[in-house]
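The structure under discussion appears below in the form of structure tokens.
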Amino acid sequence: MAGSSSVQPQFISSTGNRSFSNAPLIENSDPEQIVVPDRKSWKNLFAYMGPGFLVSIAYIDPGNFETDLQSGAQYKYELLWIILVASCAALIIQSLAANLGVVTGKHLAEHCRNEYPRIPNFILWVLAEIAIVACDIPEVIGTAFALNMLFKIPVWIGVLLTGLSTLVLLALQQYGVRKLEFFIAFLVCTIAGCFFAELGYAKPDPKEVLKGLFVPQLKGNGAAGLAISLLGAMVMPHNLFLHSALVLSRKIPRSVHGIKEACRFYMIESGFALVLAFLINVSVISVSGAVCNSQNINAQDQENCKDLDLNKASFLLKNVLGSWSSKLFAIALLASGQSSTITGTYAGQYVMQGFLDLRLTPWLRNFLTRSLAIVPSLIVAIIGGSAGAGKLIIIASMILSFELPFALIPLLKFTSSKTKMGIYANSTTISCITWVIGFLMMAINIYYLASSFIKIIVHGHLKLVAAIFLGMFGFLGMAVYLAGVVYLVFRRNKEATHLVALTSENPRIANESGNSGVYSLPREDIACMQLPQRRSNANDL
């Protein structure tokens, strides 16, 4: 990574038992680093703007678009309430991830490494890597579909080209984290503009849209599976690791007020970004629902709506809404796929560094993750075509939903623990709300998994021996899944965190209650692994 001579520590590291009030809150010798002034002002919000938009990309990636299109085509506006509930839950959960990084100076993957024994930690790392690959598959396929729409490139060739396109965008990192955040925000606004324009032409019924948002319903055999896919596409495991690390790109005052302000402004900033992502998802479902239930479409288009995917959607929208609509959709899809890949690459960086204390250069990390995602995408694209690739996106979204507890439970336990968060631990109300959200998600996943296995065994026309073995392996897998969840829920936290302004609001008490470790914030590794600055010397792998 960057040479030590050109990179400053992420936070200050103090030695000696000196007064809290006299210790410098920030030492800044790098003008390119983002420093939050130690003052009470709403203008500080602008210094915190950025991480939320990078995180929001995961909520408007091609996987979301695929599930949004199918839910709108098959159930019109009936599943909009899932998007509303998932967005509210996402804001709370993402805020907890940001709080964990701000308060403790460590991101979620590092806490897992410090807290859990070697074998559980390794399993959590493997699951996190699988989640990142599962998240990358829709991005690969979505980008390939976008290239097919714009330039008539075959899907399988587009899958191969995605391996190169991301490396070009990763070159933006040399200009610093702030410029990359602005670029991602620009892509988010591009996506929003495209779908808001689509929404203006589709003209869905506002009353039906509002009913879909606020009246929960699950009608039809496939509604539960699609709802799980929507949840998996909205609340992604890797996003929790990413957000808890991205907040470390700011130098914040290590005082009680400074930490509370950072937590508050990060929640506001995330709220802005997630509201925009929510509106985009609502627009996609509304456009799909309005188009597939329009009186102006022919029988062939109605047949396409029964199995709508990203590639079919462009031609359907072109026929119904005009020739320009297909291009707008393709541009939005391309922007979504590429921006999501950038954030996925850095999530992988933080996961690998946190769980294994292993760091790779971004291009090498991207190459490894992208290779794992390209192989299944390429096979499915060649054998199954665009329809098979679309189904692979749904499967990847469901995998993300099933893996969510293995990132969410540690986050909820760490942020609710006073040994780690001190006075900044979750209140009883927040703890209850977040645990209810977590248990509901896990219950839905387990119910769907069990019902799907039973349906395959009973109605799958399998031979008796095959059905017995499938049932044994299926329910054994469910037992292992439940055992892992139970272990994470009931295992008590052991590792404590000691940071400035953590255990007391009284500076004198904070000063007297510890030694130099209270002021130690050893974040040189994160600073070095953060997006390289322009003056950095690349000496890494």
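Each residue, glycine too, has its Cβ placed from N, Cα and C.
Going by TrEMBL, these are the annotated features:
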| type | residues | note |
| --- | --- | --- |
| TRANSMEM | 45-60 | transmembrane segment |
| TRANSMEM | 80-102 | transmembrane segment |
| TRANSMEM | 122-147 | transmembrane segment |
| TRANSMEM | 153-172 | transmembrane segment |
| TRANSMEM | 184-202 | transmembrane segment |
| TRANSMEM | 222-242 | transmembrane segment |
| TRANSMEM | 263-285 | transmembrane segment |
| TRANSMEM | 328-347 | transmembrane segment |
| TRANSMEM | 367-386 | transmembrane segment |
| TRANSMEM | 392-412 | transmembrane segment |
| TRANSMEM | 433-458 | transmembrane segment |
| TRANSMEM | 464-490 | transmembrane segment |
The transmembrane segment (263-285) and the transmembrane segment (392-412): do they have three or more Cβ pairs under 8 Å, with pairs 6 or more apart in sequence? no
Quick one: do the transmembrane segment (80-102) and the transmembrane segment (464-490) reach 3+ CB pairs under 8 Å, ignoring pairs fewer than 6 apart in sequence? no
When each of 45-60, 263-285, 328-347, 464-490 is checked against the transmembrane segment (122-147) for Cβ pairs under 8 Å, which one has the most? 328-347
Taking the transmembrane segment (328-347) as reference, the highest number of CB pairs under 8 angstroms among 45-60, 222-242, 464-490 goes to 45-60
Cβ under 8 Å, sequence separation of at least 6 from the ends of the transmembrane segment (464-490): give me the contacting residues as numbers and ranges. 120, 123, 402, 405-406, 409-410, 413, 442, 446, 449-450, 453, 456-457
